[in-house]
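As recorded in Swiss-Prot, the features of this protein are as follows:
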- 1-17: signal peptide (SIGNAL)
- 175-225: region 'Disordered' (REGION)
- 200-220: compositional bias 'Polar residues' (COMPBIAS)
- 217: phosphoserine (MOD_RES)
- 219: phosphoserine (MOD_RES)
- 248: SUMO2 cross-link (CROSSLNK)
- 265: phosphoserine (MOD_RES)
- 274: phosphoserine (MOD_RES)
- 325: phosphoserine (MOD_RES)
- 343: phosphoserine (MOD_RES)
- 346: phosphoserine (MOD_RES)
- 354: phosphoserine (MOD_RES)
- 424: phosphoserine (MOD_RES)
- 465: phosphoserine (MOD_RES)
- 487: phosphoserine (MOD_RES)
């Protein structure tokens with residue numbers, strides 16, 4: 001491969017300590033310092049959480065600029081890069097950033113005269129910015145840098161892959177504190193060896209796991225939270241394969257899965273499922289024909305859901321709409337609701353695809369309980385018991401009453417019942433009414449012929465008779481009270 005000339009910028013960074021006098025950390029986990037220069041992430045060893053934090057770490061950052069012609073072009077390109085320092089404590093689950101410091105890479109590598117004192121590689125002190133979990137004064141970072149721009153020979157392939165890969169070098173320990181420059185001869189040997197060239201281009205350093213992520217197993221909630229972190233933190237935690245998370249509402253999910261939907265059919269088998277339900281279907285038809293209060297209920301087209309086992313199931317939501325839909329009359333609606341409350345669930349197969357399909361349909365529960373002969377007999381027996389209890393209670397009250405007053409009340413009750421029945425039915429003509437005469441309280445006889453001749457209906461005659469009767473009762477009661485007082 002042909003060799004081309006390029007400029008290589010190397011930065012030797014020596015981190016000494018982080019000081020913050022008078023500050024105590026509430027958490028006791030270890031702390032490390034993360035550095036990002038030239039897009040390369042490196043970190044120091046962990047130290048105890050007690051200020052001052054003494055690191056004494058040395059690391060080297062290198063980057064090749066194949067398009068640069070002179071060092072001025074390299075310095076100009078360094079203006080678009082940022083050097084970032086992060087002081088991170090290993091607080092579960094993903095660590096907590098205590099303070100940060102960022103500066104333009106050009107100013108960081110080549111500081112001005114006001115930032116250094118004495119030699120170029122002397123110590124520097126910068127104030128970091130507090131973020132969270134740190135109270136008091138801001139911490140101060142002590143470090144020193146050595147920057148070198150050299151000319152090197154690289155292959156054209158490396159020039160094309162410079163933007164895709166990053167060249168890393170392990171921290172080199174030098175006894176005299178000087179940066180060891182690689183010669184072109186050593187680079188030529190490395191380029192010839194395929195094994196060494198494979199290790200020259202390593203994976204990106206930010207793809208390597210952090211110390212905190214190695215020591216803790218993230219939970220599902222932590223994974224979702226880590227997806228919302230900054231871009232730099234997401235790069236450091238890329239080995240976890242968190243992936244993009246899209247939070248959806250629960251309403252977007254369907255209530256149940258419909259396996260197969262058949263077109264509606266007018267046949268009765270589609271309404272009631274398999275032919276094994278013929279008895280239940282006949283009972284349902286009898287209910288519609290025998291009970292007039294359910295006349296407004298009509299059968300509708302239902303969607304049939306086919307299970308993997310071949311059995312048809314009715315859509316439960318269609319059945320609910322059929323029973324709970326508003327009706328023209330109020331009585332059927334009340335009866336339907338009453339039947340829904342007192343219905344008992346029937347047995348269904350347990351191999352349905354959805355738990356909703358395991359429930360018995362409202363129609364099955366409706367007519368399976370009310371059309372069976374034992375239930376009908378039980379209902380009739382209960383009604384008879386209630387009627388007998390009311391008759392016994394009425395008979396007991398009649399025994400306590402006066403026989404004469406009871407005869408009068410019975411006569412008036414019969415007149416009231418017949419007259420109300422005639423008046424409530426406008427189609428009931430006078431020719432259809434039974435012929436007969438009625439005796440009033442004063443011995444007068446009132447018949448249908450007398451009503452037609454005098455032009456008075458039974459209602460006003462009944463009201464007049466009731467007035468007379470209550471007036472006589474009142475007079476008798478007053479006379480009995482006065483007679484009792486005189487006797488005393």
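Numbers run from 1 along the shown chain.
Glycine is treated like the rest: Cβ placed from N, Cα and C.
Highest local Cβ density among the modified residues 219, 465 belongs to 465, counted as other Cβ atoms within 10 Å over all protein chains shown. Here the C-alpha separation of residue 465 (phosphoserine) and residue 219 (phosphoserine) works out to 90 Å.
When secondary structure is read from DSSP and collapsed to three states, residue 465 (phosphoserine) falls in the helix class.
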